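Below you'll find the structure I mean.
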Amino acid sequence: MENKIEVNNKDEMNRWFEEFKKGNGLVDTFTNSYSFCESVPNLDRFVFQMASATDDAQKDSIYASALVEATKFCAPIYECAWVSSTGIVKKGLEWFEKNAGTIKSWDESYTELKVDVPKIEQLTGYQQAALKWRKDIGFRVNANTAALSNKVLAEYKVPGEIVMSVKEMLSDMIRRRNLILNRGGDENPRGPVSHEHVDWCREFVKGKYIMAFNPPWGDINKSGRSGIALVATGLAKLAETEGKGIFDEAKKTVEALNGYLDKHKDEVDRASADSMITNLLKHIAKAQELYKNSSALRAQSAQIDTAFSSYYWLYKAGVTPETFPTVSQFLFELGKQPRGTKKMKKALLSTPMKWGKKLYELFADDSFQQNRIYMHPAVLTAGRISEMGVCFGTIPVANPDDAAQGSGHTKSILNLRTNTETNNPCAKTIVKLFEVQKTGFNIQDMDIVASEHLLHQSLVGKQSPFQNAYNVKGNATSANII
């Protein structure tokens, strides 16, 4: 078996794709990037099947079947070919050999991360490594393989018949988000921060230093119920939505304020001025500490970079460019026929290739005690095999034309369009998957609701499985559904 996607750069990729497209009748009516999707998947029968299911194993199987049906033909073929091409496979795997130091903070602790929640440094270390990997190997070939830095969508337009369902999903996502933000593990518990405080901080970091003389709450050093200065909690909250760069802006504003006070020293009480500058810098430092320990940052940093994690798992399993086609074929077959966790683990252990057992050994421990939403994004689970699937299993690289048979992997849904001209097939499909889940399970009792996670990915602006959203600013659950 050999990798037939012999591509090392964008020009070669374009030539390969044009040839492939001619012979395979790809379309982009319902998808952002060309795919085999000729119609929006109909999942109604799975709702009916779920209604009569009697046990969890049966329900899991029905949902797995619905997922495959929903995603079988909608993967972005150009980008999937790029991710599996000979050039990216070679560079993607070699990078890990050369960058042991870059991944050390979490790679060395992999065994512990299989059973326990990561430290915030291990999450941010992962995200920095993912961005470095993308840059170093030249992963970006177009916007669909980019690292995003936009703001979350302010508006999300959906067909009238699913507005209420999307709002129901958002409501549950907000409930979960609040549970996370208010969990007991924060080192710095703090109550809700008012819009007024955040708005003041936003103006202050823009350089309006005179505002420090008279904040709306009175004294610049006033504390809230938590005993923490309101300036600090306001800045920390602002950083959660606008990024940590606001701390540097805040320091610049304080420098400008100090310059103003120096310039007018004859009209200034020096002791009061020095005290104000010292305290403002102290409040900024406290805000940085709050931000670093915040659950919002933890949630943001726990997002999986699908391509980076998938390559990391290949590397850990000892896959080489020569054995890569066997992994690709295995994942392609996995996406054709839905399998439960047990069957999938059995399939991994049954393959004669060494990587099968090694991938199995990478799986998170069943004794992982916490909510699985906190799990490190580099830890492999049965569910996350689908991340590898969308990368390497959409097109079996030894026989690329077989991709026309379809292979379903969850994140392919992000390739479905969200525009109103096509009636937002992405949201419609996600809502139908939610309906399937809701019919069989008590949504409130679930750690992770897969369909809600997909909606969240769509709201942060992802239009492809291969985009990194770590630097996307804002809160996705604030989107206005219209």
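Cβ atoms here come from the backbone N, Cα and C positions, even for glycine.
The site 'Homooligomerization' annotation in Swiss-Prot covers Phe213, Glu267, Val268, Met276, Pro352. Taken from Swiss-Prot, the feature motif 'DEVD' applies to 266-269, supported by experimental evidence.
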Let me spell it out: take the motif 'DEVD' (266-269), skip the flanking residues so only those 6+ beyond its ends count, and list any with a Cβ under 8 Å from a Cβ in it.
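None.
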Return the count of C-beta atoms lying within 10 angstroms of the C-beta of Phe213 (site 'Homooligomerization'), excluding that atom itself.
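Cβ-Cβ neighbours of Phe213 (site 'Homooligomerization') within 10 Å number 9.
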Translate the DSSP assignment of Glu267 (site 'Homooligomerization') into the three-state scheme.
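In three-state terms, Glu267 (site 'Homooligomerization') counts as helix.
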Tell me the Cα distance separating Met276 (site 'Homooligomerization') from Glu267 (site 'Homooligomerization'), rounded to the nearest angstrom.
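Between the alpha carbons of Glu267 (site 'Homooligomerization') and Met276 (site 'Homooligomerization') there are 15 Å.
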What whole-number Å value do you get for the CA-CA distance of Met276 (site 'Homooligomerization') and Val268 (site 'Homooligomerization')?
12
To the nearest whole angstrom, what is the C-alpha distance linking Val268 (site 'Homooligomerization') and Phe213 (site 'Homooligomerization')?
12
Looking only at C-alpha atoms, tell me how far Pro352 (site 'Homooligomerization') is from Phe213 (site 'Homooligomerization'), rounded to the nearest Å.
72
Tell me, what is the mean pLDDT of the motif 'DEVD' (266-269)?
93
